[in-house]
Amino acid sequence: MAECRPWLVLWVGCCGCLCLALGELLNDGLLAVGMGTGDAARQEEAALPLGDTVSEHMLRLYDKYRSGGGRAKESLRYRQALPDGNTVRSFRAMNGDEHKKCHYMFNLTSLTSSENILSATLHYYLGDLLNSSHRCPHSLFCTQHGHAKPEFTLYLTLWSFNALQNPTHVISNFLINVSASQRDHPLWQWKDITQAVRKAKEYGEAVLGFNLTIEYPNHRSIDILGLKPYILVYANDSAISEPDSVVSSLHGPHTPLALKPNRKTEKAEQRKKRSTEILLPLQNNELPGAEYQYSVDEEGWEERKPYKNLQGRQNEKDKNKKKLRKGSRQKSQTLQFDEQTLKKARRKQWNEPRNCARRYLKVDFADIGWSEWIISPKSFDAYYCSGACQFPMPKSLKPSNHATIQSIVRAVGVVPGIPEPCCVPEKMSSLSILFLDENKNVVLKVYPNMTVESCACR
């Protein structure tokens, strides 16, 4: 027994190493595409449909992009399919058309001309086939229990066509042999279809048809109709650095970015609204009181008038007293720029740093009406730059040579009307945003210059 003890310790150690290696594979997501990693991924899964493999896969990619390139921990096979870029688009499979003889269809019209396709992958599910077993028809392929693992050949065919045409171009044809030794492979398989997607975009045929057929050794062929496949396209968008790119891509497909006025019907126009009463003090530079003396009729705004009462008719003396009280009340509602108010404002300004500096600003997408289609993040720290760049400017403000000369000329006063240099962002960082496009497909984009890191005088 003592002689077997070292071998027992060695066997336990090997088992422990194997378990650690298996756990590392699970963390990398090699055994299941839909498994998320990290607390951030689990927090965002609540915003995605349950069992949605496409969204779960995109959420994992978002978590890797946000963490600053988690691809170094991935296997070589995934690193080859994840080239550097700023855009990842997912395309869900739609049910095919019998007339077009396609099991599934992909609508790739969301791809823009500014997006240079770097890579594209087709993901399809074979879990039920890999996990199934059947009575072995030939003893040569049987195990000791009389069962055999499935051995078959996959035929993947991709067509490209317009929405109103039959399949016109067979852009890809794949033949994949699945042997018994591949049973323990991932349930979701993927295939590189970069050239196929590029050809479809080149032909101007942004609709792909996809067929998946399986053939067993006895030459029996069946069509696979299980979990729907999906396509991931990795691209580099050259227009993402252009002005207002975040508005055109994030907000453009939905509704125009503008204040939505209240659409009044004829009946609503005749009804008095409190919201219009609240706007008057803003126009007249008056402080809103507990009660409003404004009213709206069908013709528009009426002039200010005293409150109505149910008392008897007053004499002239009472009317004069009432006018005095009314005047004092009106005077108290008007903004007074007296010495006390100005001192309070100056004291508030003195408490804030006057020189150019980075100030805190948190942007919540719900406040600007974008939370409906932005999956993550719900908010982010944007910051902003504010403050004076007066002469002499300290080195901490990192003024440019031009800003230094401009501040000197302004201080000397030789040339009138020269403004002081501006406090602007010096360094900015990017932000990864996961959102839904106009076709309800999940898109990941990395937008540059979204968060201010430091400020300077320019």
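Quick reminder: no glycine exception, Cβ is built from N, Cα and C everywhere.
As recorded in Swiss-Prot, the features of this protein are as follows:
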SIGNAL    1-23  signal peptide
CARBOHYD  N107  N-linked glycosylation site
REGION    244-275  region 'Disordered'
REGION    303-335  region 'Disordered'
COMPBIAS  320-329  compositional bias 'Basic residues'
DISULFID  C356-C423  disulfide bond
DISULFID  C385-C455  disulfide bond
DISULFID  C389-C457  disulfide bond
CARBOHYD  N449  N-linked glycosylation site
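Here the features listed in Swiss-Prot are painted onto the structure.
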| residue | record | contacts (Cβ under 8 Å, 6+ apart) |
| --- | --- | --- |
| N107 | N-linked glycosylation site | F91, M94, A206, V207, N439 |
| C356 | disulfide bond | C385, S386, G387, A388, C389, L397, C423, C455, A456, C457 |
| N449 | N-linked glycosylation site | S241, P425, M428, S429, S430 |
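For the disulfide-bonded residues C385, C389, C423, C457, counting C-beta atoms within 10 A of each C-beta gives the highest total at C457. The Cβ neighbour count for C455 (disulfide bond), using a 10 Å radius over every protein chain in view, is 24.
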